[in-house]
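Visitor: Handing you a structure now.
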Amino acid sequence: MIDQKFRKQMQEKRYFQNHRKVLVAVSGGLDSMTLFHLLYKNREELEIELGIVHVNHKQRPESNMEEKELSNFAQQLGVKFFSSNFSGDFSEEKARRFRYCFFEEIMLAKGYTALVTAHHADDQAETVFMRLLRGARLRHLSGMTEVQPFANGELIRPLLYFHKKDFPDILHFEDKSNLQNDYLRNRIRNLYLPSLEKENPRFKDSLISLGKEVENLQTALSHLTQDLDITNLEVFEQQIPEVQNFLLQEYLKKFPSLNINKKQFEEILGILRTKANYIHPLKDEYELVKDYKHFEIRKISRRSDLKVGSILLECGNQLQFGDYQFSFGTPLEGENIQAIAVSRETPLLLRHRKTGDCLRLKGHHKKLRRLFIDQKIPFEEREKAIIVEQNQQILAIVNIAISDLSKELKSDIMSTVLYIQKIR
């Protein structure tokens with residue numbers, strides 16, 4: 001029965017239409033052995049070459065024997081077999097990370113473009129229930145996806161529509177640790193779900209349906225908002241709070257390693273709704289940067305990574321600095337050229353800003369920091385701003401402000417003009 005249903009699903013889903021080399025994760029348990037046998041039976045029709053990948057977690061006395069038996073099994077069938085041993089302090093999460101790192105390593109090294117795992121409908125129900133218990137956000141209640149990008153190809157879970165009770169009792173290894181309730185997933189499988197199924201015999205199916213509804217909802221919302229420029233604050237602020245919430249969740253999908261919790265999420269949302277220019281440190285060396293028009297999450301900028309150099313420009317010379325061409329005394333050709341009055345007697349220093357920088361505006365000294373805030377200059381532009389200095393005094397900030405000193409030089413017979421043109 002399962003053979004026909006599986007073959008029909010392969011014909012409908014066409015999981016492997018873009019894959020020829022397929023790696024099957026096999027633990028030796030009933031689930032993965034069933035998956036492998038189904039794929040092996042249909043390999044010619046699917047036009048795929050199979051490989052087996054196995055991780056020995058070294059947690060049971062039988063582990064080494066099972067690894068050897070699987071290796072012999074693969075050899076008898078003429079299927080390539082790859083294995084690795086887990087070492088170090090064991091935890092479910094560490095073991096999972098180790099497995100998938102090894103799977104990725106084999107895919108990249110041996111040219112496999114699809115990894116297939118034996119997760120089935122009961123696993124899906126357990127996953128949704130576990131995430132409910134842990135207070136996951138709505139989008140994470142969708143459970144596991146059938147197909148997702150992985151390594152140089154895809155991770156495929158073709159058994160998500162099959163329940164374990166439908167699997168034939170083929171040759172496999174029993175992992176007795178699955179009967180122990182030391183881990184949450186085992187307690188869910190062995191205790192919680194059986195108890196709840198006494199109240200509702202279709203409780204697992206209800207969990208799976210919930211996960212599918214959440215997935216469909218997320219897909220629909222993503223489609224409806226795909227043309228919105230999420231990081232444009234004018235666009236963001238036009239949305240109702242519920243849409244803002246969704247848009248921020250969509251944006252955070254670009255940074256899976258951040259693992260933003262609910263409290264941090266609300267904090268970020270509050271900053272986007274209320275703060276002006278703002279930098280907020282996040283974890284894993286990321287920061288939220290907000291200016292008056294946009295926001296973004298990026299790797300934290302180290303001051304040593306910024307352009308801190310400076311350069312002298314003598315009268316009569318030209319040079320490029322930053323995104324600009326500077327000409328001391330000789331007019332430049334083209335459009336949008338800024339002209340600043342300077343003295344011809346001493347060289348100019350072109351540099352980036354420093355702590356404590358001030359310039360004279362309308363008869364008063366003003367700190368650059370306050371000027372940038374008042375003029376709502378974005379953080380990115382502040383870091384790239386070029387200062388024109390002469391005789392240790394600031395004459396101008398290119399394309400932002402010209403000091404009183406420069407204006408006073410216009411009537412000086414020893415003055416000339418610094419011409420500035422943006423080149424990129």
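Just so you know, the numbers here start at 1 and follow the chain as drawn.
Each residue, glycine too, has its Cβ placed from N, Cα and C.
A TrEMBL annotation is a machine prediction, not a hand-curated record.
So TrEMBL lists the following for this protein:
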| type | residues | note |
| --- | --- | --- |
| BINDING | S27, G28, G29, L30, D31, S32 | ATP binding site |
| DOMAIN | 348-420 | domain 'Lysidine-tRNA(Ile) synthetase C-terminal' |
Visitor: Please report the DSSP secondary structure of S27 (ATP binding site), reduced to three states.
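Guide: DSSP call for S27 (ATP binding site): coil, neither helix nor strand.
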Visitor: Neighbour count first, Cβ atoms within 10 Å, every protein chain included; then name which of S27, S32 tops the list of binding-site residues.
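Guide: Its Cβ has the most other Cβ atoms within 10 Å: S32.
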Visitor: Including all protein chains displayed, how many Cβ atoms other than that of G29 (ATP binding site) lie within 10 Å of its Cβ?
Guide: 15
Visitor: According to DSSP, how is the domain 'Lysidine-tRNA(Ile) synthetase C-terminal' (348-420) divided among helix, strand and coil residues?
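Guide: Per-class counts: 19 helix, 31 strand, 23 coil.
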Visitor: Have a look around L30 (ATP binding site) and count the other CB atoms within 10 A of its CB, chains all included.
Guide: 19
Visitor: Let me know how many other Cβ atoms fall within 10 Å of the Cβ of D31 (ATP binding site).
Guide: 21
Visitor: In terms of DSSP three-state secondary structure, what is the assignment for S32 (ATP binding site)?
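Guide: For S32 (ATP binding site) - judged by DSSP and reduced to three states - the answer is helix.
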